[in-house]
Amino acid sequence: MKITTVGVCIICGIFPLLVLPQLPGTLTLASLTVFACVLVFIPFKTVRYIALTLLFFVWGILAAKQILWAGETLTGATQDAIVEITATDGMTTHYGQITHLQGRRIFPAPGLVLYGEYFPQAVCAGQLWSMKLKVRAVHGQLNDGGFDSQRYAIAQHQPLTGRFLQASVIEPNCSLRAQYLASLQTTLQPYPWNAVILGLGMGERLSVPKEIKNIMRDTGTAHLMAISGLHIAFAALLAAGLIRSGQIFLPGRWIHWQMPLIGGICCAAFYAWLTGMQPPAFRTVVALATWGMLKLSGRQWSGWDVWICCLAAILLMDPVAILSQSLWLSAAAVAALIFWYQWFPCPEWQLPPVLRAVVSLIHLQLGITLLLMPVQIVIFHGISLTSFIANLFAISLVTFITVPLILAAMVAHLSGR
């Protein structure tokens, strides 16, 4: 069975999570599992594809049930819990994970957002707190045109929201990432655009002013503030280039073509961890690792093969990611670029190198703008008329100038210089 066929089965099996009004019960899932196992022994390819799709469907439903369990069982009564803080604005908005409930460990730890309360002492990511919690499940709005906060929360693995009645610190030490972030914030404090720099470099958007967020939303450039494919892929490319350059000084027997590839992916994973391993960053690392394994196989893969395998790997690792609008935008953008360059390649005009680069950039941005319009209308119920011009300049500026400088500054700061 081809790996791309397995990928299609994964996508088709998990896709119903997007449209199901209610999750099937345990008895139904058990029956489907037994039925799929029986179908596997039938010697017809199509039947086995159906069986595999059913098994991935069950996997996706179980993952969704695991996320929804917290909202169905922990609401109402006051809960004695141990919470690990994962992010905070330092004031009244805090993100965390419930690691222990009533003295018993929970795995996987459900995420929650705490609003409206100051902690009794300074709080940072990595700390463990003993709390009396009053939580409720996140609910979406009933109007079809509004933002579905429930769907977003589930995709972010944060199905709970609430407040704490009592809180006492158990482990006061901050995580290494939180210590590094605090050091960066102290260094950048004198600069007027420190919040934007932290957003671009570390994905910390809690402190970005609302006015800047509105401007980026209206111009269609808000995606630049998320630590996603742009930042992590560039970090991988930069690391791979440095490793490849360093191979010049090695003996021939120590030089292997796999080293830059593996080193770049490892550096990308480290950068994703350093920025908090947010869901878009995690998906990028999974996609990069999948692409790396395809490259290491030594076979020739088409763009569509890589696209299917990467999307399938993301959904296999995190089935509820199918509810994420950012995943669909990213997947649609990559598919649009593959389609655009296959059917409408950039004209081969005889132009100076600089002008040709400008024409190529306009050709790329025009294609992705036109092909993503239907997706934007479906998701956002409209399009930004300024997104073409704004992204034409913003993506180039951020990709080739801003992000490299920020990454270089972060490495220098990490080394203590």
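Using the three backbone atoms N, Cα and C, a Cβ is placed for every residue, glycine included.
Under the heading domain 'ComEC/Rec2-related protein', TrEMBL lists 201-413. Sequence annotations record features per position, and here TrEMBL assigns transmembrane segment to 49-69, 222-243, 255-274, 304-322, 328-346, 358-383, 389-412.
It is 304-322 that, among the stretches 304-322, 328-346, 358-383, forms the most Cβ pairs under 8 Å with the transmembrane segment (49-69). Outside the transmembrane segment (304-322), and at least 6 residues removed from its termini, the chain residues within Cβ reach (under 8 Å) are 3-4, 6-8, 10-11, 14-15, 17-18, 56, 59-60, 63-64, 67, 154-155, 157, 279, 282-283, 286-287, 289-291, 294, 331, 334-335, 338.
In the predicted model, the domain 'ComEC/Rec2-related protein' (201-413) has a mean pLDDT of 84.
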